[in-house]
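As written in TrEMBL, here are the features:
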{"type": "COMPBIAS", "residues": "1342-1352", "note": "compositional bias 'Low complexity'"}
{"type": "DISULFID", "residues": "Cys50-Cys65", "note": "disulfide bond"}
{"type": "DISULFID", "residues": "Cys89-Cys104", "note": "disulfide bond"}
{"type": "DISULFID", "residues": "Cys195-Cys210", "note": "disulfide bond"}
{"type": "DISULFID", "residues": "Cys234-Cys249", "note": "disulfide bond"}
{"type": "DISULFID", "residues": "Cys293-Cys305", "note": "disulfide bond"}
{"type": "DISULFID", "residues": "Cys300-Cys318", "note": "disulfide bond"}
{"type": "DISULFID", "residues": "Cys333-Cys345", "note": "disulfide bond"}
{"type": "DISULFID", "residues": "Cys352-Cys367", "note": "disulfide bond"}
{"type": "DISULFID", "residues": "Cys394-Cys409", "note": "disulfide bond"}
{"type": "DISULFID", "residues": "Cys414-Cys426", "note": "disulfide bond"}
{"type": "DISULFID", "residues": "Cys421-Cys439", "note": "disulfide bond"}
{"type": "DISULFID", "residues": "Cys1271-Cys1280", "note": "disulfide bond"}
{"type": "DOMAIN", "residues": "491-528", "note": "domain 'EGF-like'"}
{"type": "DOMAIN", "residues": "1245-1281", "note": "domain 'EGF-like'"}
{"type": "REGION", "residues": "1336-1365", "note": "region 'Disordered'"}
{"type": "REPEAT", "residues": "667-710", "note": "repeat 'LDL-receptor class B'"}
{"type": "REPEAT", "residues": "711-753", "note": "repeat 'LDL-receptor class B'"}
{"type": "SIGNAL", "residues": "1-23", "note": "signal peptide"}
{"type": "TRANSMEM", "residues": "1292-1313", "note": "transmembrane segment"}
Amino acid sequence: MGGCLLLCAVLLQLAGPLQVVSAGSNSLKCGLGSQLCKDGSECVLYTHVCDGEPDCKDESDEEDCISGCNEDQFQCAHGKKCIEKDQVCDGTPQCQDRSDEMQCKKQTKGCVHHCDDNNRCIPANFLCDGEKDCLDGTDEANCASEDQEEDGYEKGTSSTSVPATAVGASTPIKCPRGSQLCKDSSECVLYKHVCDGEADCKDGSDEEECIATCEADQFQCAHGKKCIEQSQVCDGVPQCQDRSDELECAKQMQGCAHQCDDKSRCVPKSFLCDGERDCVDGSDEANCADTSCSDSEFQCISGKCVSVTMLCDGHADCQDRSDEKGCTSPPVCATKHSCPQSKECLVQEWICDGDQDCKDGTDEKDCPVAKLNCGKFQWSCKSKIKCVPTAWRCDGMKDCDDGSDETECGAVTCLPHQFQCGSQECLDPVLVCNDINNCEDGSDEGGSCQMNCAEADDSRCSQGCYATPQGTHCRCAPGFRLMEDGLTCADIDECEGRWPGVCSQLCINTLGSYQCDCLPGYIMETGGHQCKITGEPFLLMSVQTDLFLFGLRSGSLDVLSSSAKKAILSLDYDWREQRVFWVSLDTDGIKWSSLDQKTAGTLIKGVRADSIAVDWLGRNLYWIDGENSQIVAVSLATGTVKSVGHSVILDEDLDQPRSLALLPQKGLMFWTEIGNVVKIERAGMDGSERTAVVNSSLGWPGGVAVDTISERVYWTDERLRAIGSATLDGDDIRILQMKETTNPFSLAVFNDMLYWSDAKKRVVLAADKISGKNHQVLLKRPGQPLAVKVIHPLLQVGVENQCEKMRCSHMCVLAPGPKAVCKCPTGLLLAEDGLACSSQVNSAYLLMLSPSTVTQIYMQSRHTAADLQGWPEHLVLQVPGVNEAAIMDYSLRDQTLLVTDDGTTSLSSFKLKGSDLSSQGQLLKLFGNTITAMALDWVTHNVYWSSNKQPRLQVTSIPSAHTAVLIKEGIGRVESIALHPPSGLVCFTNLGLQGTGTVATVECANMDGARRSVVWKDAVQPTSLVFSSNGDTIYWADMGRGTIGSVQLDGSGYRELKAGDGLTAVALSDYALLWMTVSDKTRLWYRDEQQQNKLWFEVDTEVIGLKAFSKSSQTGSNKCTENNGNCHHLCLAIPNGRTCRCAHGQILVNATHCGPEQRCPDGGRQCLDQLSCHPVEKFCNGHIDCYDHSDENCVGLKPWSGVKVLATTQPSSSSPTTPLPTVALSEVTGLNSTLNATTLLKNLDAQQCSQKRCSGNGRCIETNGAAACQCSLAYSGDSCQDNLLKTMQGPIIYSAAGLCAGLVIIAVFAVAVKCKRSANTRRASLAALNGTSMMDLENKAETTPTTQTAPPESDKPKEAASSVD
């Protein structure tokens, strides 16, 4: 529609001025270059005469016309107009239907001559230059002398006359369509050359009966006096033969609407009356009518439009404050402060902030002088009253009031072509040795100035010679530099390393100079260095629960609809669908509002998002799930979906991701990480090629944004109170630390400007993105501004969507390039075709253990990618409360994961439910000791393990916690254990005793420790043992040799596979042998069907362990499967049978049942190594007494399917987790007890309790729900430990007993009071948190970190997101 209107306007402009009616006469006179229709009603241009379409109402312009075209002419498809063939594909349509410009190659710059069937067009200087540039050779054909060429250019008949058609000497000449016959009938000329001011007919008849002068609204060509319409001047198409209508014009600009500056510049319509002066003469802002505001807006006196909802709200939104004038009553302020006289609402942060908010100026009166404290990236002015960014020091502009930032800058560096004075000034060479002292110290005169450059000097120097006080030197022109030989001048590439840039967008180096250019959609500003986008950009902002739209040129302020009840943390927009997406503290999903404020909705429900980003190209929305430490995506093409409809993009080693930004044009995403190690990371939008791009010069990185023009990533730093930037690869880090930046939260970069929100000062600010200067306050409102984003249609166009070529069944995401990759929702797996998602039921998978996570990878995904840089399709499971995981095992039947943690020296159990792990508590807790090997018997839930202080093979039952030592002789260190319960076999690695000279061995035995044998003795550092599915072969990884070994259990059939350096683990599934190597990256390999080693994928993540599971894993049974084999304590499988074993300190009283074995004095307990006994109170007291540390082998008595424990990866110091009750392993196994007997009675029979709890001198009874002892005659005490017959010891014993009882009562009372106070404190803290503003939380922590790692929890600044209502 717009194109039609434009065409109509052009036609009206062309036709309108041609009709001239003389005053007092009805006769119509036509202007130069046009003719009168026969009916005298109108004039038509000669170019429209005989063009195949009637323009006169009487159609007389198409009479007496030849119907066909000559061979050297082209006939238009519609109207049958004839044009010269050299006008075809010349970039200018002569046919009204543009058929002469269809099916043409892209117009070449300076296109003059078409050749090779219009497939090539060359400039004029290629014609007749002696080189054949066209394949058909037409560029070198019909070449005349140089003088003839010049004459032809000025008055060439080939361009004006038309070949006539003559049948015979007496036959009159017939002219082709679009031309007329000269009066002497000797030739034909084109109608467009009739009355053009130049005689083309030999008899000059084409210039007869023409008006001699042009009208006032016409332009007269310099040569020939042809008249054209004024609108055709500087339109990019020459109408004058001498091209004078296109001389002295600025470069043709897109959407040219207004010419200014003596026609040296043309600006589009969107630049007119936009409040910015784009023309030097100011004509683009002249004669501007007042812009009317909509019905929902209020027009300020200045002309700015603001929403009517902002009228009389106590805050001036118009710069002239007109929206707060004439209010009938004072505003009701939600803030604590207001101006005393003018009554505007204030917040504390605006008082004495240097910006006058009260009309009466009272907010800036009597302000205290704060002590100057410059930041890490700031410089103190000598006046000691101002700090400036270090980047402003010696930048040629005085920023300190005293100018001290531009003093003591060291030696001035002159341009390469200049002469440097001794007093540091820079001079042009022509000013040197000219008998005038131009240098302050006179160093440009005297000396050897009398030596003039000889001819030899000039010939030696590539660009000439000049005299200096030091003798003659070669000189170079501006834009060149003298080479090391002192003779040759080389061009300077001004565009290389251009920061700060000489051009704001594109820089093109030329010989001796450079030229700036703009990206499509931008127009060069007057200075020739900056670019301006066509159309007004807007800044989208969230202020508490409101969405604002601020015009970055007009200053208009509008409010978008929002249903948020609490602060909107993050937002983004999709221009194609005209939607703004947002998340707030109170929403359990991602919402959207339309830009026209008519509709709203929900994109996805049941998710919590900390930061969102729209992939406008691939049509997806990404968000950070901080609770689960994931980056997730969902398709924009779907309606409202539930949380299960999304795909996890990244979930490995994400500690505390904070903010997310996308660069769809390159398929990249960036995010800030504020966990244990602060950094800014980058990955493909599919999660591949992940890397940390910035890990230095950071304090507390918050918001992140990408500048597509300079290809830099920007971030806010709340701790440094600064804004940083770096290249997309993390190079050239620059920090802008400005006085105005106190608490930057979110930021956006657009063109030359940087925009950010300051949640503490409650303002939205803007500044130059390079220097930080040109500082502006865009918005200042009582609410806290949080998210900011620049809206403009050009920011979301211009790149081909690679996903349109894919046929993904569920979701397509962009990868680096950009390329397209199919993704599946959680619970589905990508099929071998890489397009469809299928169910993953009964698929084989891997479990890969990292320090705080377990990653599940299905073997099926091997077929979709090889040599993958990054993780394949996978699921990451956070292991609650574990940060130094070392060993894992898994029970498929119970979906229970066992993990050892070297950080807490413990073994813990976790239940897998869906995609979450919930803690079931610690099963085993050591002190001063670390578990070195662990394996789970999935039939009985017995755990086989060994530790560095207890280097033996021992087994503990779960949950009864019975422990028995199976093998202890001849073991140096056990590093790996493998079990095969169906065959009743166990294998382990034995690294040999020190000093014995024994090498590492692989040994196997029955699961009760019997029939021990060495199956391989030539290993170096064997680890990661795994059985074959049938249990007859054992595999291991030899880290010392870089090989994978296997041998049958009788020691025969040894096989070896060379895996390479860095081998750490091996796994075996039904489908393949897999292994892991660790060097600069963690790599996973497999053996394919052709017995070739294949790399599956490589990641930067630290991986510690590897396990494989499939349909055949953990199948089968043994004699312990039912009822624990009827064993009282431990049922241990053996080939074709089982063995019942008792816990340490117990002996078998028959084939299945156990009884106590008294080896220590009363009140004593034996260590597991059976070397010593210690008092019962020394067990699990946090102090090591046994030589093997077994007195500190403690367990938490929790059932296997225990209650879910809500754990966090980083528990707050103010909310300590309550440890599970612990008891010594030996205590549970039959020795004396000092802990809560009620718990023990649940697992031990009365006989055991009487032996343990009552020292064998009484029996256990239950009193008020607690266990107590009923002592036999002559015995007393809590544990019947006192013999009343020993009267001499009685008083001492009773006194001690009484004192102990008193202390116990006091301790119990104190603990109860403390627990009650702690509960009250927690409740009060939660209540206080709900009423605390983000500003208050932020004020609590402002210290600067001394290391690059994240500060302690108490020292971290509180996130604004968690503290606003």
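Backbone N, Cα and C define each Cβ position, glycine as well.
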Distance [Cα-Cα, Å, rounded] between Cys426 (disulfide bond) and Cys439 (disulfide bond): 8
Candidate disulfide-bonded residues Cys89, Cys195, Cys333, Cys367, pick with smallest Cα gap to Cys293 (disulfide bond): Cys333
Spatially closest candidate among Cys89, Cys195, Cys414, Cys439, the listed disulfide-bonded residues, to Cys300 (disulfide bond) (Cα to Cα): Cys414
Long-range Cβ neighbours of the repeat 'LDL-receptor class B' (667-710) (under 8 Å; 6 or more residues past either end): 501, 504-505, 519, 611, 613, 615, 618, 622, 624, 631, 633, 649-650, 654-661, 716-720, 722, 724-726, 728-730, 733, 735, 744-749, 751, 756, 769, 795, 813-819, 821, 823, 868-871, 1099-1100, 1210, 1344-1345, 1348-1351, 1356-1357
Which of Cys195, Cys210, Cys234, Cys409, Cys439, the listed disulfide-bonded residues, has fewest other Cβ atoms within 10 Å: Cys409
Neighbour count (Cβ, 10 Å) for Cys421 (disulfide bond): 20
Disulfide-bonded residues near Cys318 (disulfide bond), in sequence order, restricted to Cys65, Cys195, Cys234, Cys305, Cys345, Cys409 and a 10 Å Cα cut-off: Cys305
Site with most surrounding Cβ atoms, counting all protein chains shown within 10 Å, from the disulfide-bonded residues Cys318, Cys333, Cys352, Cys414: Cys318
Alpha-carbon distance [Cys414 (disulfide bond); Cys89 (disulfide bond)] in Å: 50
Inter-residue C-alpha distance, Cys439 (disulfide bond) and Cys352 (disulfide bond) (nearest angstrom): 48
Among Cys65, Cys367, Cys394, which are disulfide-bonded residues, the residue with the most C-beta atoms within 10 angstroms of its C-beta: Cys65
Number of other Cβ atoms within 10 Å of the Cβ of Cys50 (disulfide bond) across all protein chains: 24
Lowest local Cβ density (other Cβ within 10 Å) among disulfide-bonded residues: Cys305, Cys345, Cys426: Cys426
Sparsest-packed of the listed disulfide-bonded residues (Cys89, Cys293, Cys300) - C-beta count within 10 angstroms: Cys293
Cα proximity to Cys305 (disulfide bond), best match among disulfide-bonded residues Cys345, Cys352, Cys394, Cys421: Cys345
Length of the line joining the Cα atoms of Cys394 (disulfide bond) and Cys50 (disulfide bond), in Å: 70
Pairwise Cα distance for Cys333 (disulfide bond)/Cys414 (disulfide bond) [Å, integer]: 58
Closest of Cys65, Cys345, Cys367, Cys409, Cys414 to Cys234 (disulfide bond), Cα positions, disulfide-bonded residues only: Cys65
